[in-house]
Each structure stands twice: as C-alpha cells, then as structure tokens.
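S.K.: Handing you this structure, nothing more for now.
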C-alpha cells in the first residue's frame, strides 16, 4: 500500500505488434475541414464528446480523439476542425493551456489538412508532441 492505494508489481509483458491489416483503423465519413487543430496531452478518459463540448464556444465542425493502441486505449491526442481559420485561431489562443479533466491541453494547427492527398484519417502523427506527461 502506498498513500492509501494498493499497488501491484509484476514483470512487464512483451506487447505483440498488430498485423498490418489490423493496424489500419476503420475509416468513417469525416466532416473534418482544413482548419484542423491538433490537441495533445489529453487525459486517457477524454472522448470526442468531451472535446466537442470543451470547444463548443468556437463552433467546432468535428472533434475526435485518436485511439492508437491495440487495447483500444486513447493515444492521448485528437483533432478538432473548424469552418474558418479565424474560429480555429480563436480557439487556440483562448484554450491553449486550459485544463480538461485535470490536464492542461496543448493546441496547435495540425500539420496535415483534411484535403491533403494521403490523409485518409489514418491517425495522423504529430511527431514532436506524442509523449504524455504525468
């Protein structure tokens, strides 16, 4: 017991890599726009509905959390799309660093846009911002 909580200690288990066919996420019809904001440092419990509500003042077109692990756990980041660049900029300047579920969010324009070739909603990577802080 540590600080009133029971802890469990065991050897780490080796994770199996998913086969290439199963690593492709299911692609759903998207309402994403080219004015897309990358949202990182998400609490593992955050769902797309939470993101949409958090950004509701700025009229998001769509909001989604990326689930990137074989177990179905959140990857800790997501995307919120807006109809205009001005709405996206206002959301970033107002909400960057604000907390959602006890975690300060990091916001920036997504490096990929919904109309770029090769972007079929396959879990875009933002390589400089993938680690989670505790």
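Cβ atoms here come from the backbone N, Cα and C positions, even for glycine.
Not my notes, these are from TrEMBL:
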type	residues	note
DOMAIN	35-112	domain 'RRM'
REGION	107-134	region 'Disordered'
COMPBIAS	116-134	compositional bias 'Acidic residues'
S.K.: Looking only at the domain 'RRM' (35-112), what are its DSSP counts of helix, strand and coil residues?
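M.R.: The domain 'RRM' (35-112) comes out at 21 helix, 31 strand, 26 coil.
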S.K.: Report the mean pLDDT of the predicted model across the domain 'RRM' (35-112), rounded to a whole number.
M.R.: 91
